[in-house]
């Protein structure tokens, strides 16, 4: 009886240490799962740092497209670093404990970086739209100061959208449940531990997803519809292909970014019975390392200017050695 009363006592969330279980149901495979996740994390950090270094040091890459790409690379490094080290600590050392404050901080950074990255992808779509639909005005529209302002706007918007998540989890009453069946902390994972009504959390989460990220997707699609209309008015097939080819990398990155994110988002809210939990958590884990790993590779393979700079850099390094 005593245990029951303590269970239903409202506890201050700050006093409780939480347990992140990793991938529920696949605990025996944690060590094996950690190998590809660790490899992908290393490739993501090294690849994006290299891309940042290349864009910052090479004057020929100081163009709008590459400046947005450098923002994306920075966001990718932050997203994977906010999650992968703790995930690997759980898989390798069974370091499952996390304080409420650390959990909320991790939740904020993950959502903040996600919303900011979505805005960067929209800015990149706008960049392609201006480059293809208004090529003569490209350099006058997308000046360095405009690009800087877009970057700051993405950060400010993301901050104001994600700040309420902190207050929404702190206002809830908690009564002893402290096991989060996930490898990292996110908003609904924390909210579900409360013995309180979490409707406001669910509604705000859905509203944010549909109004911020959802609107980003709508504007990206509109940009590409206008790009396609312009491209198919070009008489030369070679010129059409060249114009579309510059969009190829961006489309790949968009699909990789939004598809698993929305799968994860809707699985958490509506797929509790139909989607096995370990599949949902596994996708969520891969989501924070796979796109950051592939983004620099996709841009490296598909962008001639980056390839040329890589070749130049390595050839100059070999002559030095």
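The backbone N, Cα and C atoms fix where each Cβ goes, and this holds for glycine too.
Quantities reported herein were computed from a predicted structural model and do not represent experimental measurements.
Between the stretches 174-194, 279-299, TrEMBL puts its transmembrane segment entry on 279-299. Comparison of 32-54, 66-93, 105-126, 146-170, 243-267 by number of C-beta pairs under 8 angstroms to the transmembrane segment (279-299) places 243-267 first. Counting Cβ pairs closer than 8 Å and at least 6 residues apart in sequence, the transmembrane segment (146-170) and the transmembrane segment (66-93) reach three or more and so form a contact. Each residue in the domain 'G-protein coupled receptors family 1 profile' (47-299) has a pLDDT score, and their mean in this model is 89. Taking Cβ pairs closer than 8 Å, the transmembrane segment (66-93) reaches residues 20-22, 30-31, 33-34, 37-38, 41, 44-45, 48-49, 51-52, 55-56, 106, 109-110, 113-114, 116-117, 120-121, 123-124, 127, 144, 147, 150-151, 154, 183-184, 253, 285, 288-289, 291-293, 295-296, 299, 305-306 in its own chain, all 6 or more past its ends.
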